[in-house]
Amino acid sequence: MSTEAIEILNDYKLRRTTGRISIINIFRDSNIALSENIIEEKLIGLCDRATIYRTLKTFIEVGILHRVIDENSIVKYAMCNTEHCSHSHHSHDHVHFKCQVCGNTECMDDLQITPVKLPEGYTSKETNYLIIGTCKNCN
């Protein structure tokens with residue numbers, strides 16, 4: 001069992017199940033956002049589809065993961081950066097970069113974004129900044 005995954009689950013006061021630990025390990029071993037299909041492929045035989053979806057939903061709600069929506073409206077998931085997210089504040093106003101060559105999507109936490117000021121009466125629930133181009137590995 002991964003000590004880091006167990007610590008994360010303990011920090012968020014979540015039960016330590018094989019599925020949850022496995023999902024955290026998948027994201028810790030990857031520096032890119034992952035689709036539900038990729039996550040399912042990596043967990044074949046460990047847990048079923050319903051468990052994966054419930055776990056992803058829980059991890060988003062508590063701030064372990066965040067959603068990334070690409071240009072084809074495919075939902076992917078990425079680990080939250082603890083510098084930007086905590087138990088009480090869940091913020092993902094950062095850029096995601098999708099490589100048009102390899103298809104990988106990654107968080108670019110260090111890029112500064114000018115906050116968008118919405119007109120009076122509008123409230124934002126979620127913001128998705130996506131840049132499409134060629135990553136450094138494919139250039």
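Cβ coordinates are placed from backbone N, Cα and C, and glycine is handled just like the others.
As annotated by TrEMBL, Fe cation binding site applies to His84.
Non-local neighbourhood of Cys99 (Zn(2+) binding site): Thr105, Gly133, Thr134, Cys135, Asn137, Cys138, each in the same chain, at least six residues away, with C-beta under 8 Å from its C-beta. Cys99 (Zn(2+) binding site) falls within a strand segment according to DSSP. According to TrEMBL, the feature Zn(2+) binding site maps to Cys99, Cys102, Cys135, Cys138.
Here the binding-site residues are Cys102, Cys135, Cys138, and the one ringed by the most other CB atoms within 10 angstroms is Cys135.
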